[in-house]
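According to TrEMBL, the feature domain 'Glycine transporter' maps to B:6-78, B:90-162. Feature annotation from TrEMBL assigns transmembrane segment to B:62-80, B:87-110, B:116-135.
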């Protein structure tokens, strides 16, 4: 099941990357590259950090075609995308949660300590979006919006907690997934957000 | 032959990095670092992605001196560089093509699948310029100019195609190189460019 | 001793990251992430470049808690931080020097050539600050301020020079450390800086 969600999720992330590239007037190639990076960049950073070679997507060329294809497709349907906003946010939320769980699994398989497993989950969940924003020369959105990265953290904690309690793996997956999805959708609906740290002291170092 | 072109190419890339650093009023050290990253960053990202350790330039300290030296030298001759624009564009084009072929070769040696080989070629070709632009806080130029990244893609496709047809290696090198160089120079001359995706919907996210 | 300084240094770097995040109005999570990246990002980039797996911090979860905790703490005391500016600059200078020496040691242990050892030292010293600035969408400060990256270079050269002369390891550490600290503090006090390369030719590319 996680694989299906993963495939849907990388498609959604690729589309979000393509839209961001469009806002910077990038060409066809830029759109393809940003789509790819947004969808698969988080997992790539995780693999490189953990030394998990070969990097996942290099073993699944299908993901390359899929994300680039989704980016191209987005160029065609962009003018209708605002009507799809609700669906898009739903799929993006599914992606965030699925990426997080997959990221934890990879680090668990490599026997990393629990805090590293959590960081691997979060990295997989949010770093694609961070790379997208760096490439598009804007401050990463995932660190300023309603609960997003925090949902990734909570999902990782719940998933590892239930695992420590030896809850059945499939049940754990289901519970963690539904919880994360619910949290993210509620955060969007009710505009939950973390306290913001607004620091503005120009005397102090640029 | 590819080695000679490679050496010329990293020199040219280092110079382009130094000019970009100069536009941001960086100090001597910043110029050296950006020159180095622009010239050798693409190959570094490729090596890290493919797990190709040790990273190439760590085994060739000469490349470090060469790129940093080229960056320093650029500071001295910057005021005359606009007269050299034509030569500069030519050398940069040679670099793009040579980097692409070298990148493909590295991935082929490691037995990666064809789409990964192509991505390795493109990464080597364009990521130095992308890192340069990220460090200088601007949207990557290679994704917005006349055909650039696309030339890298076409060269990779041609090189792998001729290889699959078992064309003689040296002939393949020559044909792919001349084709890529011709494409890039024609793209500059006739301002060929890819369709741009201009998306501007402020209601929608961001 | 280097370990104690290292711990103090990552705390200081984490705080500088948190302040930068605050200037971009990031949320709690963004502050934590930027604090972590600023403190441990330099060492991470070094480990990935050198293929030094597992990456250091993944084996010391304490560093994760420490840097994130320091970031959170900074949010609480930010309004008083301008009074601490002198202490902060001192600790940051200690960090720069300690990071550089530690980075050289890692590369030496892996038998890299001398220029690579120097690059590893500098990378460890300055890349956390570069990642911080990239994430906060500003041009890297370390390449534009009074002597900073250059101090890292000088420390690496001195440390390796004394090592080649077979000076006692502890003495070398002490001398290199005091020299680097003195240089950096003098650079701040007397506003020493490198020549800046200001290049401004709009006709030429971009």
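Every residue gets a Cβ built from N, Cα and C, even glycine.
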The transmembrane segment (B:87-110) in contact with the transmembrane segment (B:116-135), cutoff 8 A, at least 3 CB pairs, sep 6+: yes
Per-state residue totals over the domain 'Glycine transporter' (B:90-162) - DSSP helix, strand, coil: 59 helix, 0 strand, 14 coil
Counts by DSSP class (helix H/G/I, strand E/B, coil) across the domain 'Glycine transporter' (B:6-78): 63 helix, 1 strand, 9 coil
PLDDT averaged over every residue in the domain 'Glycine transporter' (B:90-162): 91
